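*Asks:* Quick paste from TrEMBL:
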{"type": "COILED", "residues": "3-30", "note": "coiled coil"}
{"type": "COMPBIAS", "residues": "58-68", "note": "compositional bias 'Basic and acidic residues'"}
{"type": "REGION", "residues": "58-92", "note": "region 'Disordered'"}
{"type": "COMPBIAS", "residues": "69-81", "note": "compositional bias 'Low complexity'"}
{"type": "DOMAIN", "residues": "98-235", "note": "domain 'TsaA-like'"}
{"type": "REGION", "residues": "237-265", "note": "region 'Disordered'"}
Amino acid sequence: MHEDDLKSQLTIARNEINNLRQQVRNLQHVQRKDIETITRLLQDFRCEGCASNNKSAKDKVAGEKQEHQQQTQDQQTGQGQSNHTNGGNRFGEDYAHFRPIGVIRTAFPEKRAVPRQSIVGSRLRGIIQLNDGVFTNPEHSLEGLADFSHLWVIYHFHRNNAHPKAKVAPPRLGGERVGVFSTRSPHRPCPIGLSLVEIEKIENATISFFGTDMVDGTPVLDIKPYIPHYDAPSLSVDSGRTSVGPHETSLDFYDSRQEPDGEESDLELYGAAGYSGSSGIGADAILPPPSAVRVPNWVVASNRLSVTFNEHAEAQLKELQVKKQCIVDILEADPRSVYLRTKYGSQIFTFQLREVTVTCKFDDKAGTVTVVQVRRNENVQVTAQDGDLRSA
């Protein structure tokens, strides 16, 4: 082995030792936190009988409080029905309970004639009112949102009383049934809706938007800004994928959500002209055109790093048959946390990618990252693509 190779290996070893020292310091911090938690538990410890009596009393009070809150929420949202009928809200060992952050106000007091997609009701105004109980000052949570033009709204189909089925019949298939997860049907095990709307204005804790496909009183679970770079599908030539682009979808897309049981379809309600070009709903309107989308400069600013591999790492890639582009995709976006970037700057960084560990060196001034080593993990179980466990 040449002297240069030995020096290179020694440098890598030293950097690995420094990295291990940092990990030890982090573990010490976690240990101190755990000790503090255990100390608090010991201080609050009671005998089994006392603890049992205390727990029963607390459970009773908590149950009464939760029931009161649920009744209040039902009155505010117009829910007026038991949440136990929906598969996603059944109480059991495996369930998730989400507290709505607000409520949607629209022009549709009933499910009848509600557009099945937000683009169909793009001229209909709706309002999202954030609840005061989520944050002390809910308007603070909306700061910066006005810099975006569009918004994803995640909400609960609270008026959906139908039992979820594994197969549903979308209107466009003429009675043929397909799996519920291949459709936009509201009759789902977890009745959650997703709509892309256009922000009109934001005042205090209220968002006014265009693009209504919800019934009045719909509980809001979350809102997220729309960012085309991340949210709009595109044709990926390098990966060989042939996904449909955002402006290549058929108008059938708009009719993909199943209408509520016993209600007319949009074609029956609006007539065939409702989907013609004169309605203003064209095939290019599946997602907002780039000219109509606004995002803050800090979102669109390019911070992608230049990724290189030294000869040693290149040889290891070939030996281990690791896809180089997978590593490039991860490192280009800089996987380091803000804490690591600001406190330590240019440094050695390691991460595990299935059965291998990748070691690289960041150069923040030059905006580059060099992969110096790709080694196989030892005695580590990883999950293969076919679902089988195999030892690396």
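Our numbering is plain: 1 for the first residue shown, then up by one each step along the chain.
Each residue, glycine too, has its Cβ placed from N, Cα and C.
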*Asks:* Give the residue counts of the domain 'TsaA-like' (98-235) per reduced DSSP state, in the order helix, strand, coil.
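*Replies:* So the domain 'TsaA-like' (98-235) is made up of 18 helix, 46 strand, 74 coil.
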*Asks:* What mean pLDDT score does the coiled coil (3-30) have in the model?
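*Replies:* Mean pLDDT across the coiled coil (3-30) comes out at 86.
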